[in-house]
Amino acid sequence: MLVTSLCCCLVVLGLATPGARAAFGDNMDHGRDDLFEKMGKATVDVFDIVDGQVQLDVALEDTIGQDEVWILDFQPFQHNNKSNRPVIQENGGSLVAENTGTCSNVFTTLPFDSSTGFYKDSYTPNYPGTKSLFSYYETGSEIIQQGDMRIREDHITFMGSMDTLFNCKDSDDETVWEKEVTADAIQFNATLYMTNVRPQGSGTNPEPAYVQSFAILYWRLLRVALSRFLVSSTERLQPIFEFAIVEAVYLNDDEEYGFDRSRAEVQIAFRTVTDNTNGELISVYKINTLVYDPADSVISEISHVKRTPSSGCDKPLGVEDSNIIGDGLITASSYWLEGNSLEYSPDKGRLNAKAVETISAGMWMAGSTVDQWIQVEIPSDNLWVSGVMTQGFGNEDINMWVREFYVGYQVGVGTFNPVLNSAGATHIFTGNYDSHTIVTNYLDAPVSTDAIRIYPTDFENNMALRFELLVCEGHPECFTDANGTDYRGTVHQTVSGTTCQRWSSQEPHMHSFSWENDRDNGIGDHNFCRNPDGQTQPWCYTLDPLSPMEFCDVGAAAVSCAPITAPEADPELYVTYYAPYCNFTEWEQSCTQSWLFVVVLEVDTTAAVNRMPIDATGEFTFEFETYTCPNNDRSACSKVDVPNAIISHEITLQTTVEIVDDVKDSPRIYLKKVHGEDPTVDIRDGYRPGVSHLETVTVDTHFFPEFLRTNLQLELTLFMVCIGREFRDTPDGCLGAPVEQSYTAYVSPEFLYRLSTDNSLLTPDSIATSPQSLESHDYIHSEEIHRSLFVNKALSAMSREYTITNVFRLVERTDRTKRDIQRRDVKDKINDPIAVHQAIYFKGCPPNSTHVAKVYACVCDNKGEMYSETNFKCERSTKGIVYEEGVPSDDAENPQDGGDSKEEGRKGKGVVLTAVLSTTSLSVGLAVLLAVAL
């Protein structure tokens, strides 16, 4: 299972006091330096998400009898020169709506009125007017006495879609959101300015003065990806997980247009080992067999597949370039006429086309919405077409694109057959979801044809299309660049006859090239000559320790690389040419290949509730064919008549929308990963198979907000394990469990914790001794995580869920110069406790064994059998853990005595990470209760 995209929308409200953040108007020449002596405040009273709807409620304290007006806007009051402020002095004074952003509370422009105007207590805004956010204003019904001030609390509210909030712009039509990208998160923030404006002096033309406070709103997409389940349908092909990464998706594939919160990009990488004694078998991904099966079909589905391993048939035909595909080769059933203009004609529908005034609209748009098509003629004979790339309208601000289409290929003069799917039906391809993002679709098998037609079947507003075709390349030994930068052949010896070193190896020569960073330059798990850095010809590192790099003889560059023509043009040949090359060093005589898939998923956030994860659990499946290639010669491959191998990868996408105000904006600790001996399987939440007795468990933890990591790191002060999932759901975790059902693997001299039940303070002396010790615990600065390793010991004979309680504190980083924390609103709260609840599953003692409670062990019943620390079962061996009458023998690890069971212990709940703190300097006790099922 893959844990993934923890999307965190967080709102932090940092309200400055007038003294700390005051900004006044021009010099006050009326002798009234006490203008703001008596003033109420503006606060964010509610900020929440329920069923996908955002609720923002701002409380505004109106000082009765005082002329004033509250301005809410996502730009400072002094945004520009004086004449562009929300309240101006000119023409007797005015409240000017156009001088504020699209989401302000200045709904309409109003003139100054000394008796009934916007400064008066009786003024009620005429919402929503020309603005798009705040939709309700409530005047308070009660007058409250605060010292010598009389206050009325009014409320202004927004209740609506998250999209409305993210579409807010300032008065210059620029987005109010700023973006910051880190390794763990993509963060957007906007500042809501709350400004109290009062008239200076008397008369009909007063000068406005103001005091300004602010609230900062954060939206965070936390990117965490963990694999839990990767299996194959056959022993012939075994998968090995490498990584899974969640990336942000941007509207129109451009950061300028903002973050698309309804989509998430998932990158999945794994290796496959094709088992064969002579090393001749390879695996080939079968195009269009990637399927995502969500557990809840309402939650998510595939938007489109962004990247699959190359089949070799992915070279652009040249529709984008009119010098390759001329205007006369592109025709259509019709096109939109704008007077006598040809701005929407078929030849304007080239991929990445741009609008040119009076000449081109930057795309083809059909003149009708029924039975329409656009066609391109293929200029070369016997060229295999394998895919289609599409975009929508050439103007990203206009919502027109093709949602679905099918493809026809010419089989005779004027006769077109539809491309079919694997079931033999017309293949309906998923098109675009915005105007600019390129979506690529592959045919199940390439077709040889003289012309291709695209038939739109569903569209947004109108049939607007830009496109390109993908075709088969020539033989891989062919290249056109004089320096061979595009050489993708299989020469693997240098001009001296020395064999090349594999690019994936660092022996005998270390280098910086990798498949992850240089795959577009032909680098991969092979030892073929390449030119990734612009040398004069292809080269390689050699296996000779004394000769790091030598050039290769790959022949001369060709004028062009024409595709292989019939009868050689069998599409099946291309998949073997371009499937990832085999690494035979990792598993002897078996082909190890690396695969990368990039999928964009739609995630339904309409049911989002504050701090509750939206679970989009589902299963990816990939289908692989098997080929035999004697001597690993890709030109001699043939398909093996065996059932296709199915690789299944179960994934969980969790998008958590979190909104907090000033009080809740505190350090938060999250469990990042929990795994046993198999690091590819995340075992939190009781995920099977769980862990065995004496199996090492790794717990990775990190904390937010990320800016705190500049100065602070996590320090572990307690690690406890207890029986029962129920402890996961209480604030104190295992600190509340009976002593006979728990053990302490580690307690620090710095441990301090205050129980939530009776507020009593726990110290190291409060914790019972234990026959268990933590293997290791440390903060890893390069990864910005805390990692704990412990060897699990059996608290029960039966399979049970366990809870782990970790208590952390935040301390100054040990690897950096001390710097002060600038965000005072968070710094003041780093002492607040935090809980993270998870669970892991314990398999129980194996058959033919007995649980010895005193030493938390599974003891083998049969004489001569020992418990294996590698296989986790009882077996006859010379190595293992031997117990006699419940006491460890000399050849086994000797645990400490468990102590008197009556000794006072502490109870706890669940896999909970809970934070406690010490008040010295920045040393903060942060307890994280980590409920984990062992």
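Just so you know, glycine gets a Cβ as well, placed from its N, Cα and C.
Look at TrEMBL and you will find CYS529-CYS552 tagged as disulfide bond. Sequence-distant contacts of CYS529 (disulfide bond), defined by Cβ-Cβ distance under 8 angstroms and a gap of at least six in the same chain, are TYR487, GLY489, VAL491, HIS492, THR494, CYS500, PRO538, TRP539, CYS540, CYS552, VAL554.
Taken from TrEMBL, the feature domain 'F5/8 type C' applies to 313-472.
The domain 'Kringle' annotation in TrEMBL covers 483-561. DSSP labels the residues of the domain 'Kringle' (483-561) in these numbers: 7 helix, 11 strand, 61 coil.
According to TrEMBL, the region 'Disordered' annotation covers 884-906.
Annotation comment: TrEMBL describes 1-22 as signal peptide.
The transmembrane segment annotation in TrEMBL covers 911-933.
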Once the chains shown are all counted, how many other Cβ atoms turn up within 10 Å of the Cβ of CYS552 (disulfide bond)?
24
Overall pLDDT for the domain 'F5/8 type C' (313-472), taken as the rounded mean:
89
